[in-house]
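Asker: Before we start, here is the structure in question, set down as structure tokens.
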């Protein structure tokens, strides 16, 4: 049962009996007031409690069951014998019908001991000086029997059932919120792979937020709900693998760029494509006007300042790193070879290459 339906039933069960009680009080006050006003008519018995002046503008008279009522015909008649009364069933009312229940006196219709069946429309007809009619509606409040008690019992039963349902719903909601809060606290204390599983379990337990939630509960759970949503968002972002794979790929590319691992086949092709340098292209001329250094050795030779500059031919060759390593290996191998003593004098005038002396000048 929805909350607004329960509240509507509760309000109806309280307001309707109160309305009937207030209506009964107002009716009793009206009866006592109109009984005093009707004392001027001496022809009416003292048992009449209502007069014709009690009808309202819409010509409706309300009477309790078991009381007496008097209805006045507001039409002008030359003789009172010309006034005739009829009920809603079309029966003409006079003193002889029903053992004197309806009494017609002048232009008044007196009904004694009103019953619930007497309700309806009462019409008076006037034949002189002109033909006219006037109607009054009589409403009777049913008081005999156990209807009021039955109605009160039904209202109390409905109110009790509604109250029990509301209390049960509030208790279930409170228990559910306590369990959810406990699960959220356990989620914050959980680390590792179990955190995602806890998140899914808590997401299943969170109820749909409706207007039935009170403001106090919303304030209490607002902070933890926001924190939980933030953790869920972080977990959702960490689940997809493509960003992680892209980061690993970028890391591997950076590592290869730092190491510079070259393919040997590509290295040989680049060596073949490199143009050879000739002797003339590898000679660089030092500017004769270049000044001497400021070293102490240079300053000590004062006579060399007046000497003219000389041209020095220098041949430069560019070698790759692999070629340099091979040259270093060959130089280390040649250092282990010791030349014979008999040609020690010629060592200064010979070029040693590949284990033999070339261009020796003796």
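Note: Cβ is positioned from N, Cα and C throughout, glycine not excepted.
These came from Swiss-Prot, pasted as-is:
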- 1-18: signal peptide (SIGNAL)
- 19-147: topological domain 'Extracellular' (TOPO_DOM)
- 36: N-linked glycosylation site (CARBOHYD)
- 41: N-linked glycosylation site (CARBOHYD)
- 73-124: disulfide bond (DISULFID)
- 110: N-linked glycosylation site (CARBOHYD)
- 148-170: transmembrane segment (TRANSMEM)
- 171-362: topological domain 'Cytoplasmic' (TOPO_DOM)
Asker: Round to the nearest Å and give the CA-to-CA distance linking residue 110 (N-linked glycosylation site) with residue 73 (disulfide bond).
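Answerer: Roughly 11 Å, rounded to the nearest whole number.
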Asker: Could you check what DSSP calls residue 73 (disulfide bond) once collapsed to helix, strand or coil?
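Answerer: In the DSSP reduction, residue 73 (disulfide bond) maps to coil.
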Asker: Using a 10 Å cut-off, grab the number of neighbouring Cβ atoms around the Cβ of residue 110 (N-linked glycosylation site), all chains included.
Answerer: 24
